[in-house]
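Per TrEMBL, the features are:
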DOMAIN    1-308  domain 'HTTM-like'
TRANSMEM  20-42  transmembrane segment
TRANSMEM  114-139  transmembrane segment
TRANSMEM  145-165  transmembrane segment
TRANSMEM  186-206  transmembrane segment
TRANSMEM  243-264  transmembrane segment
TRANSMEM  271-291  transmembrane segment
TRANSMEM  297-317  transmembrane segment
Amino acid sequence: MARRLLDGNEAFSVLTWTDNLGWFELVYGLAVVASALLLVGWRTRTMSVLFMVGVLSLQNRSIFIGDGGDNVLHLMAIYLVLTRCGQVWSLDARRAARHAGSSGGGPERDVTGVVLWAALGLFLAVAQLLGLSGLSWFGPGPFPSVGWGLTFWVLWLSHGVWWAVRRYASGEPRTVLDMISKLIHNGALLVIVVEVCLIYATAGWYKIQGSRWQDGTAVYYPMHLDYFSPWPELSRVLADNGLMIMLITYGTVIVQVAFPFTLFNRRLKNVLLVAMICEHLSIAFLLGLPFFSLAMITADAVFLPTVFLVWLGARVASVRDRVLPRRTAVRE
């Protein structure tokens, strides 16, 4: 049944390769490991691809049990592959900084990265030789007439070329590849920005057309559903306050409709961004939808001002240095 469904919507999932329960558990476990490694920024380029494969495989295998948060995660997992998300706040960035300090900027051997790259290439080649589903060259894929097999090989070769240029070719070739990488990164960020704006704009304008949103009572009803009431007493207290219900209902619509237009004003955008994050935190707490809220907050993070991110990084580093003093300091 799952194979017929995926053949109909042309979705990708490695879980259709076999019906063995052990295969599902292996894919699920590897998806969790890839997510954790991507979170800490270990081999970020590779882990972002594995994270995407895990997300698409698990979600496309059972699309009827997903929600809006799963849809956001689905899209962002694809876009994340094209970003340089390991440049800061990652183990990759720390490793690069240590290498630059110890070798004076010389080429890095990176045996672990080469072995991982070769192993994944071998796995992909074997999977295609076995004729496993979803790995066609020019069939269904992320782009029209570009199959997932071709996409994975392009990503694999791109990682190899990037490593080889950094290792053996300095100067102009490395500068050109770095410029191309930045261009792709900025394009992916632009797509994420547009996607988030579309999510909020469509949600807000559709709400305006609903009678319950127009009369200010829409938030009242989900608070009386057991499925969306992890804290029944708190939901009942809020639902009994007509003024609070009206403010939350109208405030939600106003913030969602106005947010895309505030991008032209930095200060106003930051104010509404805080309001949006608070809204999602309240949804997670009051309606019991933590994963949807976390997915949206993560997508909203692309709008955070650089000044705030630099300040946050400095504060976290300061706390880290106080709690976990550097080894050199301990030796002294």
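One is the number of the first residue shown, and numbering goes on along the chain from there.
Keep in mind that glycine also has a Cβ here, set from the backbone N, Cα and C atoms.
Remote same-chain residues near the transmembrane segment (145-165) are listed as 12, 45-46, 49, 81, 110, 113-114, 117, 120-121, 124, 128, 134-139, 173-174, 177, 181 (criterion: CB distance under 8 Å, separation of at least six residues from the stretch ends).
Restricting the average to the domain 'HTTM-like' (1-308) gives a pLDDT of 89.
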